[in-house]
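Trainee: This is the structure I want to talk about, given as structure tokens.
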Amino acid sequence: MSLFLINVLLALAWAAVTGSFTFLNLAFGFVLATGALSLIREQVGSVGYFSRARRVISLMLLFVYELILSAWKVAVLVLTPRMDLKPGIFAYPLKLDRDFEITLLANLITLTPGTLSVDVSDDRRFLYVHAIDCSDPDSIRRDIAEGFERKIMEAFH
Amino acid sequence: MDPTAILDMAVTIALILLSLSFLLTIFRILRGPTLPDRIVGLDMLVAIAIGFIAVIGIKTRYALYVDIAIALGLVGFLATVAFARFVLSRGKTEDDILTESRNAAQRAAKDARRAAGNNGKGNT
Amino acid sequence: MMASLLTLVSAALVVIGAFFALVASIGLLRLPDVYTRMHAASKAGTMGSGLLLIALAIHAGDTGTMSRALAGVVFFLLTAPISAHLLAKAAYSVGYRLDAISVRDEMAENVTND
């Protein structure tokens, strides 16, 4: 976290030196500071910082990709003349245990293709997910476990 | 073709599509059949209104519309949360309410009949 | 050249965003029960208004408007799943059933309705 602070400070320093505090210049300064830190990552021990940042960014990219895919799938489903729906609710066994991570996973599930998180069981062992095509819940479970849950674990553990 | 002309055409098409989706969503809100259906419809209406404001912002080049869109999004989110709380605190579905009122009507009819029978017995 | 390219991009985004909003409302009309309708509203609806706001951000060009529009998009992405989740949970716990064509309901076995 302190490395992130240094990164922000360097960005502020860049803005001060160039004499313009616009959003674009600050963002550019942030990118420059990240580059400078990555050059000396062996010396200041920021290897973990960069690999974590990379994993958070890859989680965000996966999320945007899945959102576009899911909106597209809803569009295709709605516009087919004969809808063949098999909706249902299935239980998903959670491996994550912290509140923050469960919230993140539930939100990501809601915005991904064909799934909508409905509830968490009281003992936090199951997430109940409504799927628009629930004919094969095991494959959906596998997709979530190998996609989002693994990425969240990598990014925040 | 000139890019601005294309943008103008795109804005017109978008306004037509958004008006259509407004109408369809309002039809769902009127139709129901349950309270959560109507709430989903109202939530969707807010989302479409935000889209509308963004398109109008592009058409008029008036940047202040962004703030209006964000404020509307905030209010819409709070409204949906409040509606969800209301569904939870009401604690029964439309079917429950129907059965309850039907039972109550039957009970009232039975009571009235019994009262009428007692009166008749008293007179003889 | 750059400016006209950006104009074209925002024109495309406007049409695509409006299309997704229309799809979401058709879904609202055609899908059978409240849970499946929530799928359409929370995904295609968010996508639609998000794309329209991004188009506004690209078209506006100045950083103040741009950062506000992007903050709005992030805000919608954060709140849409939360409100859908809240509503689904409330509807389920009150006792609105799934539509008859649903194939399974593993929640009914574990949740005792009060």
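Numbering starts at 1 and runs along the chain as displayed.
Using N, Cα and C of the backbone, Cβ positions are placed for all residues, glycine too.
TrEMBL entries are annotated by machine, without manual review.
Got these off TrEMBL a minute ago, pasting:
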- B:6-27: transmembrane segment (TRANSMEM)
- B:39-58: transmembrane segment (TRANSMEM)
- B:64-88: transmembrane segment (TRANSMEM)
- B:104-124: region 'Disordered' (REGION)
Trainee: Counting only residues 6+ away from its ends, which parts of the chain sit with a Cβ under 8 Å from the transmembrane segment (B:39-58)?
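Mentor: Distant Cβ neighbours of the transmembrane segment (B:39-58) are 7, 11, 14-15, 18, 21-22, 25-26, 28-29, 65-66, 68-69, 72-73, 75-76, 79-80, 83-84, 87.
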Trainee: Could you tell me what the rest of the chain brings near the transmembrane segment (B:6-27), counting residues at least six beyond its ends with Cβ under 8 Å?
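Mentor: Contacts of the transmembrane segment (B:6-27) (Cβ under 8 Å, skipping residues fewer than 6 from its ends): 41, 44-45, 48, 51-52, 55, 58-59.
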